[in-house]
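TrEMBL annotations:
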- B:114-410: domain 'NADH:quinone oxidoreductase/Mrp antiporter transmembrane' (DOMAIN)
- B:25-42: transmembrane segment (TRANSMEM)
- B:62-80: transmembrane segment (TRANSMEM)
- B:92-112: transmembrane segment (TRANSMEM)
- B:118-135: transmembrane segment (TRANSMEM)
- B:147-171: transmembrane segment (TRANSMEM)
- B:191-210: transmembrane segment (TRANSMEM)
- B:231-250: transmembrane segment (TRANSMEM)
- B:262-284: transmembrane segment (TRANSMEM)
- B:291-312: transmembrane segment (TRANSMEM)
- B:318-339: transmembrane segment (TRANSMEM)
- B:360-386: transmembrane segment (TRANSMEM)
- B:435-457: transmembrane segment (TRANSMEM)
Amino acid sequence: MQDIVKTIQGVPLNHYILLSAIIFSIGVTGVLIRRNAIVIFMSVELMLNAVNLLLTAFSAFSNDPAGQVFVFFIMALAAAEVAVGLAIIVMIYRNTNTIDINVMNRLKW
Amino acid sequence: MNALITISVLAVLVLYLGLYKANKALLPVTLLGLAVALFFTINHWNVFTGPTFNDMMSYDNFAVAFSGITITSTMLILLLSKGYFEKISDHVAEYYSIILFSLAGILVMVSYHNMTMLFIGIEIMSVSLYILAGIRKQDFASNEAALKYFLMGAFSTGFLLFGVALIYGAAHSFDLEAIKMHLETNLQTGQAISPLFYTGVVLMAVGMAFKVGAAPFHFWTPDVYEGSPSLITAFMSTVVKTAGFAAFLRLFATCFYPLHDFWMPVILVITIITLFAGNITALYQNNFKRMLAWSSISHAGYMLFAIVSLGSEASYGVFVYAIAYSAASIIAFAGLVLMQANTGSDSFDSFNGLGRKNPFLAFTLTVAMLSLAGIPLTAGFIGKFIMFSNALSSMHTWLVVLAVINAVISIFYYFRVIVAMYFKDAERAELEIPLNFKVVLAISVVATILIGIWPAFLPNVI
């Protein structure tokens, strides 16, 4: 375990922050510009995993296990979210035969 | 604490009742269990000694007050649901238990003392709500509502979590008290606070604004509220919104309070945009349910006042406002459910002539609309009064002027319902109002008028 922490600390903290920020931005961009529900969903997962990476890095650098415990919670709840989300997408596919979110325009102001 | 355990066990118990086909027992058992949970909550008042469970939760008076409102509103909404879910599907027990699970998440949200519990509470609540929004599997509007709510909810959770991670990086802790200490010591010793912290605060504000449906992050709200079954919408716009504001207030009023000068302008801008976006768009709606969705956005704006001004009365203001808003919304949604069941329509025109045929229902709806518009002698006025006087005492005169303009705008669309009920004639049959609806309407109207006439009736419990 100590080895892993040492390896993580081998890279400066700023690099982790930058990498996470880039991955997070890719996720946000994906959610905003893609039209396929599954791809949007994957982009959301990308955002969550950027957070996981950042938390692990902070946790290793400050020698505090709380951050890594938080990562477990994120993983568990993201799995629950995936289960519900995929069920919703399947339900929509059954009714419309498509998962393109552009057909989701029946409710309009 | 006991309330949380009661509700979680109750949800599992209700699932078992469904398994053994005891459909008649579902509603009584759920209501009884919630009454027990409410008793435990009230019993916990003023016995706060400090955070429990390794500083994860803190059951202070704030948590007690907001748990009390959310449990009571849930009881009223469930009372309306007699015979409602049976029309949607055969698996009725699941609805009750998902609502209860959502309520368990809400209790965690109002009593957290650690970012971990905030995240877990929000997720338990949201994941349950994604299911509830899409509970009409064959109905396209319900499907669309579920997908939109799910994608937007997951997206906003991402922002919230990135904010939490950055704050953890700066303060090395998830504990609210520890984060506040970190800020205070840094400010006192003149050390610079890490830019990570500032970014984190903004991202968390964005995430919370998404959750409570404040502009410019409100665009999912009308679609989701319109597409979901009406009672679920009632649950979302009262209980969930109250819980969202309790969580928002706890985070910003205690934990980030030392940085008030930094984040206050951000919330101020969000408040003003929310007020105008909600009220002006609500003017153009022809559909009662969609009007209620936009009006819930504008009420989010009024509740944000408490977070902007953060006086000593902030928690009390949100408390009173949440009660007033919940009571009035429950009446409005009860009227909507009755109207949809009888006429199949939810446009303003379907209310024409209601005043002559159903005087009681028309009277309760009138009280609800007056309360939502903030007319004196109703609870809504007291809620707005506390919010505005609070904002005035912290020198936000312009904000109050803008808010009063918005309150005037809102009178137009709330009065459309009253005008339709009393001054427009239409051939219609008398609506049959079941007993459970009468009980809920009576309780809500009495609460609305009582608080409006005699505000001291509600003690300052926080």
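Placed from the backbone N, Cα and C atoms, the Cβ positions cover glycine too.
If one looks beyond the transmembrane segment (B:147-171) by at least 6 residues along the same chain, the residues whose Cβ comes under 8 Å of a Cβ in the stretch are 115, 118-119, 122-123, 126, 129-130, 133-134, 178-179, 182-183, 193-194, 196-197, 199-208, 210-211, 217, 220, 223-224, 227-228. Sequence-distant contacts of the transmembrane segment (B:25-42) (same chain, at least 6 residues past either end, Cβ-Cβ under 8 Å): 2-3, 6-7, 10, 13-14, 17-18, 64, 67-68, 71-72, 74-75, 78-79, 81-82, 92-93, 96, 100. Comparison of B:231-250, B:318-339, B:435-457 by number of C-beta pairs under 8 angstroms to the transmembrane segment (B:191-210) places B:231-250 first. Of the recorded ranges B:231-250, B:262-284, B:360-386, B:435-457, the transmembrane segment (B:291-312) has the largest number of C-beta contacts under 8 angstroms with B:262-284.
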